């Protein structure tokens, strides 16, 4: 008895249905809900290894690497001068916890000698400390950021009060979990990576009269 042509077509169609179903489920598993106003087209440089890697577990591998921490390396973003960092108890991480030893008082005396080997933290005009930015619902959960220790540089170094210390902030894309830790979405975290001396807004009142003056701008031709 000859086979029905419809039965043959259905048998050949089964693998296609399985592949399409797998692709649909796979795309839903890796889709991240974005917390942005508009959906801009993603930039996907072909030379990046991320786009060349064929294994399906790359997200799990990367997330494990990104969130891994121990008592000395508890953040993927950390200062290069590791000697300044304190060792923390990983089970007792607290948001805002200071993770460096104090760099001294705001009006401490000048260093007797300063060389190229002197840590940047000790040579900075604005004293700062490193603190822990911790959120257990975030990936990565632990980030290190800078906190200014003093409102302005040491007057023994800069003279009259025409400068103040402000945080230089950066925005970092992270993943934020829901309360049940079942789903996550893209989120933008703002952290301070530096404490820099800047001219304070009322510098003309605290400094010399001729320190700030008007410059006539030429009209471009």
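From the backbone N, Cα and C atoms, a Cβ is placed for every residue, glycine too.
Listed features, source Swiss-Prot:
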type	residues	note
SIGNAL	1-29	signal peptide
CARBOHYD	70	N-linked glycosylation site
DISULFID	148-195	disulfide bond
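When other Cβ atoms within 10 Å of the Cβ of residue 195 (disulfide bond) are tallied across all protein chains shown, the result is 21. If you draw a 10 Å sphere around the CB of the residue listed as 'N-linked glycosylation site', it holds 9 other CB atoms from the protein chains shown.
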